[in-house]
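**Student:** To start, I am sharing the structure in question, which I have written as structure tokens.
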Amino acid sequence: MHKVAIVGRPNVGKSSLFNRLIGRREAVVADFPGVTRDAKEGLMLYHNHRITLVDTGGLWSGDEWEAAIREKAEWAMEGAQAVVFVLDPREGLSAADYEVADWLRRVGKPVIVVANKIDSPKHEVYLAELWGLGFGDPVAISAEHARGLDELLDRVMTHLPADDEDVPEVAPIRISLIGRPNVGKSSLLNAITNTDRAIVADQPGTTRDSLDVEWDFGGQRFVLVDTAGIRKKPDTAIEDYAIQRSQAAIQRSDLIWLVVNATDMGDHELKLANLAYESGKPVIVVVNKWDLVPDEELKRTEKDLNQKLHHISFAPRVYTSAINDYGIHEMLAEAMKLHDKWQSRIPTSELNRWLEVWQMRQAVPNFHGKKLKMYFMTQVETAPPTFAIFCNRADFVTRAYEGYLQNRIREDLQLAGVPVRLKWNEKGPYKRGKKDEDSED
């Protein structure tokens, strides 16, 4: 696997660049120097190449940690094929910058000079001084605004050796964000990707079409689909079209984020919950604007959520604030976990051991003295996990009992949080004759 080290003096934006490239907030970012002291590693994917990035502490900081930080940076250099040397040219080259440059010449690794905090083309006048370092043409970027990153990564790739073998492409997880207008879907998308790809405004219905955004998190590719807000009754032909686009996006997705406004929930949420449930896709309920709920209202808000979303009570919840970036990491981590469960397959032998124990311990439906008997169970599909159960009388299975059984399957068979489907079958070698049934009751 390729390895690239990010170095520079304190407070030039190394950690901001690291976080931007790996797609999550792993390193602590602040406006004062010396925040990062340890070397942090993160995995990113670029054009199907896996690259380990190492974020090092600020070199030549002049504080008590300087020797330890330099030692860790030297360790990071050992396996690196290239070095990204980050500077803030707006402040001019400092003595520490020249010290780092001299050290890099002794190390002897390929160096890409990065001029960070170049937020607009007019700031590129600051780049002239960097030529004097002797590392070639600097790359102008803004880690905060994601400017110039493709050019930087293309430059990095020129210094990395060719892969010995092709890395199998990681299939992306497609996630749709659904919710009624103005619950913060676009703000969440922008917070996740650290971009302004989606238009955000206070007026409901800003997003009229589905918007696909590709992103990487911990080596996993995602395609995030920000759908138009779904109203209970479309006001216009455009709204009607938006609903169709949203429903189509759900069908193309592997997973759904159902975004609700913690401070303003209505009957719309029940409709959306049903829409999500019927799709058979895993659903994560994203309770946005949670920071705006007063402490004394937390229990009541939870009660409202339970009532309006009872149809998908099994779905996990993540409490977020798009404005404060609260809960953003959990949204992606939970999505990866649910996606794995959604595609999982359980051995038939394990299913039938569970079924046997279940019937011994739990009461089953009983009609006029005759009991439901379940003889055999097997998984017939994944995504969602679907199980066929052979029984004596499928008509004995009530909706309430099936829901209860689905919940137990989720809890007992490590499928918590994902939809489960059951197919009842009276045919096959496990079907008993009427005479046999009567004799066993």
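For all residues, glycine too, the Cβ spot is worked out from N, Cα and C.
As annotated by Swiss-Prot, domain 'EngA-type G 1' applies to 2-164. Annotation comment: Swiss-Prot describes 8-15, 55-59, 116-119 as GTP 1 binding site, evidence class sequence analysis. What Swiss-Prot lists as domain 'EngA-type G 2' is 173-343. Residues or ranges marked as GTP 2 binding site by Swiss-Prot: 179-186, 226-230, 288-291.
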**Student:** So of all those binding-site residues, GLY179, ASN182, LYS185, TRP290, which one's Cα sits nearest to ILE118 (GTP 1 binding site)?
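**Tutor:** Result: the closest of the binding-site residues to ILE118 (GTP 1 binding site) is LYS185.
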**Student:** Tell me which of the binding-site residues GLY8, ASN11, LYS14, THR56 ends up closest to LYS185 (GTP 2 binding site) in space, Cα to Cα.
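**Tutor:** Closest recorded candidate to LYS185 (GTP 2 binding site) by Cα: LYS14.
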**Student:** DSSP three-state call for GLY179 (GTP 2 binding site): helix, strand or coil?
**Tutor:** coil
**Student:** Give me the CA-CA distance between ASN182 (GTP 2 binding site) and LYS14 (GTP 1 binding site), in Å, as a whole number.
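**Tutor:** With the alpha carbons as reference points, the distance is 35 Å.
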**Student:** Measure from the CA atom of GLY179 (GTP 2 binding site) to the CA atom of ASN11 (GTP 1 binding site) and give the result in Å, rounded to a whole number.
**Tutor:** 39
**Student:** Nearest to GLY179 (GTP 2 binding site) by Cα distance: which of the binding-site residues GLY8, LYS14, THR56 is it?
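**Tutor:** For GLY179 (GTP 2 binding site), the spatially nearest of the binding-site residues is LYS14.
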**Student:** Using all protein chains shown, find which of the binding-site residues ASN11, THR56 scores highest when you count other CB atoms within 10 A of its CB.
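**Tutor:** Top count of Cβ atoms within 10 Å goes to THR56.
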